[in-house]
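S.K.: Below is one structure. I have some questions about it.
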Amino acid sequence: MGNQTNELPVRRVVIVGGGTAGWMTAALLAKAFGPRLSIRLVESDEIGIVGVGEATIPQIRHVGRFLGIAEDELLRASRGTIKLAVQFNDWRRIGDSYVHAFSDVGLPLGLAAFQHYWLRSRREDPRAPDLWAYSICARACAANRFAPMENVGGSPLTGIRYAYHFDAARFGRLLRRNAEGNGVVRTEGKVVDVALRGDDGFIESIRLHSGEVIPGDLFVDCSGFRGLLIEGALKTGYESWQHWLPCDSAVVAPSEHGGTIRPYTQASAQQAGWQWRIPLQHLASNGHVYCSRFVSDDEAAATLVRNMEGPALAAPRQLRFHTGIRNKVWNRNCVALGLASGFIEPLESTSIHLMQSAAGRLLTMFPDRGFDPALVDEYNRQTRAEYEQTRDFIILHYKATERDDTPFWRRCATMDVPEGLARRIGLFRRTGHVFREGEELFTLMGWLQVFIGQGIVPERHHPLADALPKAQLDEFLANIRTLVDRAVAAMPTHAEYIDRHFKAAD
Ligand SMILES: Cc1cc2nc3c(=O)[nH]c(=O)nc-3n(C[C@H](O)[C@H](O)[C@H](O)COP(=O)(O)OP(=O)(O)OC[C@H]3O[C@@H](n4cnc5c(N)ncnc54)[C@H](O)[C@@H]3O)c2cc1C
């Protein structure tokens with residue numbers, strides 16, 4: 001053992017930015033550290049927030065639990081609804097539709113994964129039920145039903161896994177109340193200057209338009225795409241992923257509901273991008289994500305409005321973005337979180353999760369004032385791995401298309417993809433195997449559904465799936481379908497569930 005002592009502890013944390021990233025980081029840090037940290041958050045009303053972010057993935061449920069916000073309260077306050085899946089329309093071909101649902105699909109039998117039994121059934125009879133007949137979330141989506149359920153009673157089947165749709169601005173206000181309740185001090189004002197220490201270039205303080213100077217030990221850059229500290233002051237650099245994820249624009253607007261409040265997000269492919277529909281309690285959020293090289297802003301806005309299910313409630317709002325990642329998301333004493341750290345487009349609603357995960361990592365690896373380079377490197381390595389795995393999953397949706405009706409889709413179908421993704425596609429196509437890399441975000445079931453949904457059909461299946469007599473295979477599969485359908489039939493509709501549990505008064 002050496003005789004080193006710890007460096008001085010970090011006492012003053014300064015967060016720049018009050019979007020979802022800023023308030024989530026503030027709330028999580030304040031809850032974890034309590035009065036041991038003094039946390040200041042600076043945000044500028046004049047600049048405002050992106051505030052789109054209405055769809056999430058199941059890990060979001062940990063945030064409420066950690067902060068002590070009950071689920072019904074969270075969903076009432078944020079006008080939330082339940083999300084069981086994303087429905088992808090027209091991605092593989094026009095007219096085609098599949099879902100990426102959050103629950104498990106089927107059951108393993110012995111050593112072979114479920115898909116091998118299902119693949120055998122389809123090979124023997126192409127009209128055999130599709131993969132989604134074995135997914136409780138997919139079946140609940142088809143019936144517009146929902147009930148929380150860990151397991152399917154009296155069976156080994158796992159139950160529902162779900163996430164939320166919510167109004168990001170209202171969710172942000174909830175986080176803010178929670179953070180302020182735990183001692184976070186908010187300052188409204190615009191940061192106009194960042195002072196660096198002469199000897200090592202660490203951030204010493206920020207200066208506001210009012211003249212106030214705020215010093216800190218650790219600075220968290222949640223200032224959005226501009227990356228005021230990480231890029232503006234520290235010139236960290238940005239790695240572009242636009243050659244793989246070419247969409248660079250979005251146009252968004254809320255509308256009235258078309259009727260049913262679906263328990264899933266819809267993502268419908270368009271000429272040069274895709275459009276989302278996200279059901280909230282009081283309205284539907286719509287956004288058209290597109291590549292500005294292939295479609296004009298006016299055309300994109302017209303498509304957005306044409307595909308709304310009800311009348312628009314506001315004029316379309318335009319956003320530009322650049323997919324990629326900061327060269328280092330942690331540089332010196334500055335950690336970038338949210339849009340300041342990078343952006344993978346919203347197709348699988350991963351941004352809020354990536355910031356939640358990064359904030360959790362910051363808690364786990366919280367530094368002292370020595371900012372040990374080994375710690376910083378490890379944080380950067382883990383964050384980058386998570387971003388790259390998420391990126392590859394999204395690229396798969398674009399790459400594995402049979403569409404050739406527009407230059408955009410032809411480009412996607414013929415583009416090169418990262419080596420790891422090419423390997424995975426090859427393995428699945430030839431053998432039906434899907435493996436998860438380390439602690440990656442997306443589950444085997446997620447990969448499986450997108451592979452199959454996008455039309456990648458394996459050439460073979462596991463030999464053990466052939467060992468089962470045909471009658472036993474049919475019985476095994478039929479039993480799962482019956483259990484899934486019975487469980488779904490017993491659920492209330494999504495609308496009934498909302499009414500009973502978290503319907504907002506206005
Ligand atoms: C088209 C689109 C769709 C999306 N959909 C989803 C989705 O469905 N699900 C999901 O999880 N995520 C989604 N996202 C991502 C999500 O919107 C963001 O992750 C989220 O809004 C967090 O943003 P942020 O807090 O990093 O930045 P912002 O919301 O941009 O906030 C930046 C903050 O920094 C402050 N600031 C900036 N400069 C200064 C300054 N000089 N002085 C003081 N304050 C300053 C601003 O006032 C603001 O408070 C989407 C993003 C886009 C672009």
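Using the three backbone atoms N, Cα and C, a Cβ is placed for every residue, glycine included.
What you are looking at is a predicted structure, and each value in this text was computed from that prediction instead of being measured.
Copied straight from TrEMBL:
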ACT_SITE  Lys83  active site
BINDING   Gly18, Gly19, Thr20, Ala21, Val191, Leu339, Ile352  FAD binding site
BINDING   Lys83  7-chloro-L-tryptophan binding site
BINDING   Glu348  L-tryptophan binding site
S.K.: Under a threshold of 6 Å between Cβ and any atom of ligand 1, which of the recorded positions Gly19, Thr20, Lys83, Val191, Ile352 are retained?
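M.R.: Those recorded positions that pass the cut-off, since their Cβ is under 6 Å from ligand 1, are Gly19, Thr20, Val191, Ile352.
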S.K.: If one measures from the C-alpha of Val191 (FAD binding site) to the C-alpha of Glu348 (L-tryptophan binding site), what distance in angstrom results, rounded to a whole number?
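M.R.: Counting only the Cα atoms, the answer is 33 Å.
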S.K.: Please identify, among the recorded positions Gly18, Thr20, Lys83, the one with the smallest Cα-Cα distance to Glu348 (L-tryptophan binding site).
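M.R.: It is Lys83, whose Cα lies nearest.
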S.K.: If you draw a 10 Å sphere on the Cβ of Lys83 (active site), how many other Cβ atoms land inside?
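M.R.: Counting Cβ neighbours of Lys83 (active site) within 10 Å gives 28.
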S.K.: In which DSSP state, out of helix, strand and coil, do we find Val191 (FAD binding site)?
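M.R.: In the DSSP reduction, Val191 (FAD binding site) maps to strand.
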S.K.: Please state how far apart, in Å and to a whole number, the two most distant Cα atoms are among Gly18, Gly19, Thr20, Ala21, Val191, Leu339, Ile352, the recorded FAD-binding residues.
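M.R.: 24 Å is the greatest Cα spacing among the residues binding FAD.
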S.K.: Expressed to the nearest Å, what is the distance separating Ala21 (FAD binding site) and Lys83 (active site) at their Cα atoms?
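M.R.: Lys83 (active site) has its Cα 21 Å from the Cα of Ala21 (FAD binding site).
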S.K.: Cβ neighbours within 10 Å, counted over all protein chains: which one of the binding-site residues Ala21, Val191, Leu339, Ile352 has the most?
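M.R.: Max Cβ neighbours within 10 Å, all protein chains included: Ala21.
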S.K.: Are there any residues in the same chain, six or more apart in sequence, whose C-beta is under 8 angstroms from the C-beta of Gly19 (FAD binding site), and if so which?
M.R.: Glu43, Ile49, Val50, Gly51, Gly172, Cys222, Gly224, Gly338, Leu339
